[in-house]
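In what follows, a structure is listed as structure tokens, so that the remarks can point back to it.
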Amino acid sequence: MSTRIPVGIRTCLTTEASEALQFDENTLIRVYALHELHRLRQRKLTRGALIDYHTRYKLVLLAHSQPEYREFGPFVAAIHEWQDLDAFFTEYRLRLIHLLLNPATRRNHTNVLMHVQGYFRNQLDLRQRQELTSIIDNYRREAQPLLAPLMLLKHYMAEHPNTWLSGQRYFELWPAIWRLQGND
């Protein structure tokens, strides 16, 4: 059995700065995202399924690169202009890998958290909004881990269901990775 890692997998698991395998949370996010994309292709690739996949990963993508996230949307919106769905899938996968090679940053996570906070603007009372704002700000200032605002937002999602938010992988991936790394 060969110990060489295929180029596509190596691209997923390494960064430009190092060819050494790195299994940090950003790497594991890429693995999860690409695994789900691969399974999507195995089942039966359709335009609708690919758009649904992209929709589920929007907040994850935003946490990795705001500029590339903004460029990705119009590309996906133009899916119907592509005659060859396999060619679109290949280009989509390359763009996804490129975007996810940008490490998710505290600043981008804060932006995502504040964006999600807006979904609860009309459901939360003043005290709850202030508490959420404070926890997000504590995360921004490195006084709390990302898990703190994520768990509070998941609590509010349970109290005030939102179909789009509940479908976001953002709320599943980081807690799953922390458990995998033994950080629970």
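In case you wondered, yes, glycine gets a Cβ from its N, Cα and C as well.
A TrEMBL annotation is a machine prediction, not a hand-curated record.
Per TrEMBL, domain 'DUF1722' is recorded for 58-175.
Averaged across the domain 'DUF1722' (58-175), pLDDT in this predicted model comes to 96. When the domain 'DUF1722' (58-175) is classified with DSSP, helix, strand and coil residues number 91 helix, 0 strand, 27 coil.
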